[in-house]
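As given in Swiss-Prot:
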{"type": "BINDING", "residues": "Glu175, Arg221, His450, Arg490", "note": "L-aspartate binding site"}
{"type": "BINDING", "residues": "Arg221, Asp222, Glu223, Gln230, Glu483, Gly535, Leu536, Asp537, Arg538", "note": "ATP binding site"}
{"type": "REGION", "residues": "199-202", "note": "region 'Aspartate'"}
{"type": "SITE", "residues": "His31", "note": "site 'Important for tRNA non-discrimination'"}
{"type": "SITE", "residues": "Gly82", "note": "site 'Important for tRNA non-discrimination'"}
Amino acid sequence: MMRTHYCGSLTEAQIDQTVTLCGWVHRRRDHGGVIFLDMRDRDGLVQVVIDPDTPEAFATADKARSEYVLKITGRVRRRYEGTENPNMVSGQIEVLGKEIEVLAASETPPFPLNDDTINVSEEHRLKYRFLDIRRPEMLERLRFRSKVTNLIRNYLDDHGFLDVETPILTRATPEGARDYLVPSRVQNGSFYALPQSPQLFKQLLMVGGIDRYYQIAKCFRDEDLRADRQPEFTQIDIETSFLNDDDIMDLMEGMTIKLFNDLLGVKFEKFRRMPYSEAMRDYASDKPDLRIPLKLVDVADLMQEVEFKVFAGPAKDPKGRIAALRVPGAGSLTRSQIDEYTKFVGIYGAKGLAYIKVNEIEKGIEGLQSPIVKFIEPIVMQLLERVGAENGDIVFFGADKAKIVNDAMGALRVKIGHDLNLATCEWAPLWVVDFPMFEETDDGKWTSVHHPFTLPKSSVEDVKSNPGEALSVAYDMVLNGTEVGGGSLRIYTLEMQKAIFEALGISDEEAEEKFSFLLNALRYGAPPHGGLAFGLDRLVMLMTGATSIRDVIAFPKTKTAECPLTQAPAPVEANQLRDLGIRLREQQKKEA
């Protein structure tokens, strides 16, 4: 062993012991002929003192610079009174260095690793990710991620789950996003697909009698990237047999409660279970942030006869919605603040943001301040009564197609709640249940809300006759407005699976071509089964307070799905393409 201790592990318990440390020079200081080195490794920092009484070590320390890799042997001693550092685990002690060996020199880093006040662009950090990872903040996040996966593995092992790997090279299936395709050299003209999830394989494992499966799986989706998306991401994938939806939710809830208690000291009570219809009605979101107590109220029925087309149109449209959002005590918002909120909802397609300020409700119309009151005067007091408005409140209105209203007003609810510090708690977990089985596309076709293997609550006959009314046995775990996990019970009979394919417009021929392996499995006695998957990256991001998934992944991609470190994706040699039977079309030269 090259070292006896980690830098960050030294405490007063090691005083008077001789230790050997290996790590990087975090900071070097020269004070009155004595050199101080802050040495850093994975576990933290320790101060090393080198004085001229050890000339060889002093000479080596004199040449050392930031990020040099050193091996230091010395004696642990208590720091002099008044020089302790309460911000370091090792802040009560220091190491008097006797021997120093330079294991590797370092060029000057492209950005300082010992000064968090200097703003470094994310692109630059990702280009030199091997240096960025050395920063204590990044090291701690990756260490925390390791603790999360370790706890999850132990929990699932203790509950009888088997860790089983599923293929990375598989075939394309319709799962909602574009596949990453891998050409086959042996089967020219054919392609593998990288898995968007292990969904079908884990179902086949249940048919195979594995009973309880889990995997920390890499998944791939070729989709537009946002702050919470990566082209490759990690999923905690879980499937069980002979458990119902309540059993599965209880099991996964227990794991989440243990995770937060053991790693953050946060104690959760029993998770609330909210039907999808209630979530959309009250919060305009299928992943509501319950830290914010504000709720939306439907008022379309009151707007049926008003002459104001902005309200009358959506009120009479079967696909429209008019929702009111009462914000208690926010009547003091200025016009410029309201204008900013109007711009904000515009991001989601809203054409405007109507509002009423309630100054003195006992005065009726005269006690209100609003540019829309004159258009809805006959029903305005009914509106305010329905939303429970009081003096000092402001009520916002969204009126449009239901999707636009939900997107805009749902986002506004959360933004105003945070802007005005209305959050009532730090963590708000819940389950959203009873999702619709299908949703209608613009061209009148049905598509799966989750995926085509989700078990409906309806019978085969009801699915065939009225798919729009079918609910699914699906459940999403939501935390602070973020979906951290989602799952369902699965279809386990051939008759139901064919009925779902039929509702989705998938012909028998197409189903056999794409899913023959699954359909065959259902012919041989599939058990009732279900499961879910957690997004590991998203979960760790929430638990560490990071602002982006990229901050909790060792080597992430950018928003354009590129890796600045390795410069992937990159062109390949012509002979490699030739072996794959692929020829690239030449791009037409741009006209000068």
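Keep in mind that glycine also has a Cβ here, set from the backbone N, Cα and C atoms.
Each of the binding-site residues Glu223, Glu483 was assessed for Cβ neighbours inside 10 Å, and the highest tally belongs to Glu483.
The shortest Cα-Cα distance from Arg538 (ATP binding site) to any of the recorded positions (His31, Arg221, His450, Arg490) is found for Arg221. Residues 166-167, 170, 173, 175, 213, 215, 237, 239, 451, 453, 515, 517-518, 531 of the same chain sit 6 or more residues outside the region 'Aspartate' (199-202) yet have a Cβ under 8 Å from a Cβ within it. If you take the Cα of Leu536 (ATP binding site) and the Cα of Arg490 (L-aspartate binding site), they are about 22 angstrom apart, rounded to a whole number.
Each of the binding-site residues Arg221, Arg490, Arg538 was ranked by the number of other C-beta atoms within 10 Å, and first place falls to Arg490. Mean pLDDT for the region 'Aspartate' (199-202) in the predicted structure: 95. Spatially, by CA atoms, the recorded positions His31, Gly82, His450, Arg490 include one closest to Glu483 (ATP binding site), and that is His450. Look at the region 'Aspartate' (199-202): DSSP puts its residues at 4 helix, 0 strand, 0 coil. Its Cβ taken as reference, Leu536 (ATP binding site) is surrounded by 24 other Cβ atoms within 10 Å in the chains shown. All chains included, 18 other C-beta atoms sit within 10 angstroms of the C-beta of His450 (L-aspartate binding site).
With respect to Cβ neighbours within 10 Å, the recorded sites His31, Gly82 differ, and Gly82 shows the lowest count. Taking the Cα of Glu223 (ATP binding site) as the reference point, the closest of the recorded positions His31, Gly82, His450, Arg490 is His450. For the pair Arg221 (L-aspartate binding site) and His31 (site 'Important for tRNA non-discrimination'), the C-alpha distance works out to 55 angstrom. Arg221 (L-aspartate binding site) falls outside any helix or strand according to DSSP and counts as coil.
Reduced to three states, the DSSP call for His31 (site 'Important for tRNA non-discrimination') is strand. Cα of Gly82 (site 'Important for tRNA non-discrimination') to Cα of His450 (L-aspartate binding site): a distance of 61 Å.
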